[in-house]
Each structure stands twice: as C-alpha cells, then as structure tokens.
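First comes the structure, then the notes that go with it.
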C-alpha cells in the first residue's frame, strides 16, 4: 500500500508540474467564456463594483451559478493580500494577479488528470499497460493542453465529473440480473455471493467499498463523495446531469436489489440537497436575492433557445468535428474502445475482466447518451462534451495498450508512436503559443502604456475596441481600473419573438454592416479629432449619449481599409501592430491586431 501511495504522490506531482508549465505558458485566446463567465465576475467580487469588471447579461439574468467565480474571487483576494502584506511593487503585483488564476486552474487540471489515471488503475490495475496508456493520453492530449488550464466552467466540470467517477462504487454494477447472453457466454461464475468474496482482491475504490459480504444496503465508501461531486458538476453545468442519468439508468435497469436502489436514491437526495443548499446560499450572497441559476440556464437556452443567437451547427457536428478535435490522434482507439465496451463479455475469464467490462459499458452508454442529447441542441461547442474526454481516454486505453504494447521491440510501431506524439506536441504548441495570441498581447501593451503613465504624468489610457464582441479579455488582463475602455456589445434579444430575433442585429453587427454610420451615430463629432488646436478638444464635452473618442482604437487588420476611409482626415495613426492568427473561421477576426493612436496633446 505504501508503494502505491508513493506512486500516486509521484504521478500527481509530475502532473501538477506539467500543468503549471502548461498554464503559465498559454499566450493565446480561445473563447470569451474563459474570462467573462469566471474571471470578470470574480474580479468584481474581489475588488468591488468600481474595479472595472465587465459583467455580461447572463449574470444580470441569474443564469450562472456563482460557485465558479467565487473560487477565483478567493484566489484574487488571497493574491492581493499577499502582495499588500509583502508590500510588492505595483508592476510585480500585476504579474501576480495575472498568474494567480492560472496557477489555481493548473491545480484543477492536474487533479482531473490524476483522477483519470486512478480510475483507469482501479479498472485495469496499477501496473497495467492500459493504466499507463491512459496517463499518457491525458498528459499529452492537445485538447487537455489547450483547454484544461483555461478558466472555463467546463474545465472544472470535467475535473468534478472524472473525480466523481473515480469514487463511484463500480462493484454495484456487478450485483445485477445478468442477461442470458452474458450467462451463456461468460466463462466466470456470476453468482453474487461468490463475486463479493472475490472482490476483496480487486484494487482501488471497488475493493475498498466491499467490506460487508452479507449486505449491500449500506452506502459504499466513496458514494457520498461521488454524488456530492456530481451534484456540484450539475449545478455548475446543468447538462452534466445527462451523464449521471445514463449511469443511474444502467444501474437501475439491471438491478433487482431494492435496498441498493433505496440507498442510492436516499444518498442522492442527501448529497444533492446539501450541495444545493450550499450553492443557493452562495448565490444569495452573490446576487442579493434567492435565485436558482440551473432553472434559468435551461429556460433561456432550451425553452427560449437564446443559445441559438450565438450560432447554429449541423446535426452531425459532434461526430464530424467535435469528437475528432477533442480526441485528435486517439480518435480511432477511442472508437474501437467504445465498440468493444458495448459488446458482451464473451472472453471474461476472471472477475476483474467482468468488473472492467461492466464499468466500461456504463461509461460507453453515458458517452453515447450525452452526445446524442447534446446533438439535439442547435448551438454546439466542443467544450460542451469536454467532460467526456477522460472517459474516452479510459475506453481507448485497452486498444492503445494492445497496439503499442510491443513498441520497444517493433521499430515500425515505435516510429508511429513518435509520429503521433510529435503531432500532439505540435498541435498543443500552436494553439497555446501562436493561434490568436494578438488579442492577448494587445492587453499587455495597453496595460504597459498605463504603467508608463503612472510613473510619468499620471494621466490614464482611454481605449475603444472596434472588434466583434468579447474578442479580448477585459479587466482580468487590463488590471488597472484607471484604464477607461469600451467595446462593441452583443446582448441577445431576450424579449423578442422568433421572427424578430432572426432579424435582430446587435451593436457589433450594426457596426460591421455600416461602419461609417455607426461612427457618426455613436462617437462624438469627428471634427474633434481633426482639429490641431489641443484646447478645442475636450472628450468630456458635447453629446453625453455618444462615446468619447479614445486615445487608442483597437481593431483587426480585416477592418483596416474601412477605418482608413472613415478616419482618413483624423489625427489617428497606427502606433502598434502584432500578429494574431494565420486563419480564423470568422472573417471579421482575420489578420493582425492593429492599434491606432491619437497624439496625447489632442486627447486633452
């Protein structure tokens, strides 16, 4: 046992080191929710309403649980208190505030990797090739490297889900009513009493849960933990309930033990009720009133179909794009593992084989039901099926171990293995260091401009972002509330009918469809940035309904010809440019990130 514990500590330490390097090396942008559904509300909680955080409509409509941002608010507060206690300089304090949530998320990611490995070790054995294959797949997964260390609620949901699966009492799947096919084709004795006796030699949570060979009615060790973690995942992302509904169906469909069913239901009510009470209190403190975000989440996204405002995808999206991108080089192995897991246990010769087969079957059913259910929703993203990735890695473990088991002695397989590894590393490096890095770099540039002024004349940066909404992070990267910034918005039409909603244009749409008109209607008179008399321009004067002309305008290279025409007689000139991406599926976001500046004596 001590050697296994030492092995576990070693594995977790290595995974933590990997994810810390991973998190601190990410220099790119992926999707807005990384910031606006976690760090922005956390920033507001930690530093107050005047700290400049951007709170999106979901929080005003109570769609989100405060559980996730509250975690990062605690991280921000702790980091700020340490800086204050040690009297750390302002520039270094900013670096710490930028790094703190990354370090915390790295711990969450490493925990998810660790529980993926421990689940595989419980099913396949700690020293098995399959458990090692699972560890290698999760450690070198491009998607994990790209997404697990980002502050998405989906990332935390994934860790909570795989941790709950680790603690789940898989031996309960054995005390079932085996089908005639299984009884006739299995080479082991499926008698319940004999199986319970043999389970004492089974590793991991399954073995530890079987302490009473005469009854299964008491809740097994780990069940409360599993259900509590599952409840938190469901509160965080209500669609996570599909996974647990599938597992419950598999268990109850073949179970004839009334006591076990009663234990499961009572334990679920106890754990779920406790988690619900805790999160309701947390939301009461955050929102200032009693709310139930999961209901609002389902109502707006499914009943009102507001999620469709952010895009519709093909029915086959998850099969042709989502799963291939999620799994990359492990896709064929996961497909084989999924197919094998659904087959009867015809070659089971030991109880371990039957335990493994039953667990894999349940995981396979949960994966299929989740993908099919998510397919029915028009708005689809890979993140929505992210919690399935650790399960897919577990199912792919046997095929991977079988195929590469003879790698040291087979040069062809060794070459193929190294080829796949290089592909994974290249993909991971590109998406974390290159693709869409300009929208992150521009925030660093603006923050440094503000820091320079704080050491100089004490004036503050003003900036406007003429980009599709939420194209950049916000206060979590600008940091200083003194930076006065605005950006194009894209609030959804919550109170419009279907026909009106289809014709609706948000502010970003209006700008890109009619740039010159938008500028005339929403910014002060352009004469204020044409004049050479510095006293003639006061950005605080004039029509208060219009935005002031900022000192800095930020936009994508795609917009440069239009901006050149709209502002050709103004004092704006290019002052900074950086690479953003080689390609983008949104034509408005193509090319470099460009910053135009107006001379400071013109800004007043």
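Start at 1 and count along the chain as shown; that gives each residue its number.
Cβ atoms are placed via backbone N, Cα and C, with glycine included.
In TrEMBL, the transmembrane segment annotation falls on 264-282 of the listed ranges 264-282, 283-301, 302-320.
Between the listed ranges 193-222, 223-252, 463-492, 493-522, TrEMBL ties the annotation transmembrane segment to 223-252.
Matching 170-186, 323-339, 340-356 against TrEMBL, the residues noted as transmembrane segment span 323-339. Count of Cβ pairs under 8 Å against the transmembrane segment (384-404): among 223-252, 264-282, 323-339, 359-377, the largest is for 323-339. The list of residues near the signal peptide (1-23) in space but at least 6 beyond its ends in sequence, with Cβ under 8 angstroms from a Cβ of it, reads 102-103, 105-107, 109-110, 113-114, 117-118, 126, 135, 139, 145, 148-149, 432. Contacts between the transmembrane segment (359-377) and the transmembrane segment (416-434): absent, as fewer than 3 C-beta pairs lie under 8 angstroms at sequence separation of six or more. Residues 22, 25-28, 30, 140-142, 145-146, 328-329, 404, 407, 581-582 of the same chain lie 6 or more positions beyond the ends of the transmembrane segment (416-434) yet place their CB under 8 Å from a CB of it.
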